[in-house]
Amino acid sequence: MMTPQLILASTSVYRQALLRKLGLPFEYCDPNIDETPIANESAQALVLRLAQAKAEAGAKYFPDGLIIGSDQVAVIDSKIIGKPLNRDNAIQQLSQASGKTITFYTGLALYNAQTGEINAQVEPFTVHFRHLAASQISAYVDKEQPFYCAGSFKSEGLGIALFSRLEGRDPNTLVGLPLILLTEMLLSQGIDVLA
């Protein structure tokens, strides 16, 4: 059996840029799944379910692929927050986060469409926000417009100035694709990124 083609089941330019760091050829597709949370679903269960669903949805387009699915949410004050989608929501999310700790949960799934084998795990990452003035929040939102980023920031850009501390095993997790975990999963499928 030949090595399956690597597929990223995501249209996120941020996830694509992260995956390019590994130097492996890949294609991407839009998994186009229903991302509605189930009543009383925990953040970890939600991202695990959606990462698996995205990876499995990619098999429609690439039936012999090795498909990566990923999903991320942030939790603040025990509530799941997602992408703000507009300026007002972004300001509200960052105002709520000011001076607090937010945990991001990123679900990562690797689905071998040839064998039906799936490996799915959740990688946490914790962000400690500085105490931010309303003017700082507005200025940041206007400069980076993080409307499609969970938690309303881009940590790979100016968003780093919002934080006092980061905690986690892989900073790539915060951007949306835990590469350390992914390389471990790929190795279990016979793909060594260092070979």
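Using N, Cα and C of the backbone, Cβ positions are placed for all residues, glycine too.
Positions annotated as site 'Important for substrate specificity' by Swiss-Prot: Y14 (among others). A 10 Å cutoff on Cβ-Cβ distances gives Y14 (site 'Important for substrate specificity') a total of 17 other Cβ atoms nearby, all chains included. When secondary structure is read from DSSP and collapsed to three states, Y14 (site 'Important for substrate specificity') falls in the helix class.
DSSP gives D71 (active site, proton acceptor) a strand state. For D71 (active site, proton acceptor), applying a Cβ distance below 8 Å and a minimum sequence separation of six or more within one chain yields E35, L46, V47, L50, A51, K54, T106, G107. The active site, proton acceptor annotation in Swiss-Prot covers D71.
What Swiss-Prot lists as site 'Important for substrate specificity' is Q72 (among others), and the listing cites sequence analysis. Q72 (site 'Important for substrate specificity') counts 30 other C-beta atoms within 10 Å of its own C-beta, drawing on all protein chains shown.
Taking the Cβ of E156 (site 'Important for substrate specificity') as reference, residues of its chain lying under 8 Å away and at least six apart in sequence are, in sequence order, Y14, V175. DSSP classifies E156 (site 'Important for substrate specificity') as coil under the three-state reduction. Summarising the annotation, Swiss-Prot assigns site 'Important for substrate specificity' to E156 (among others).
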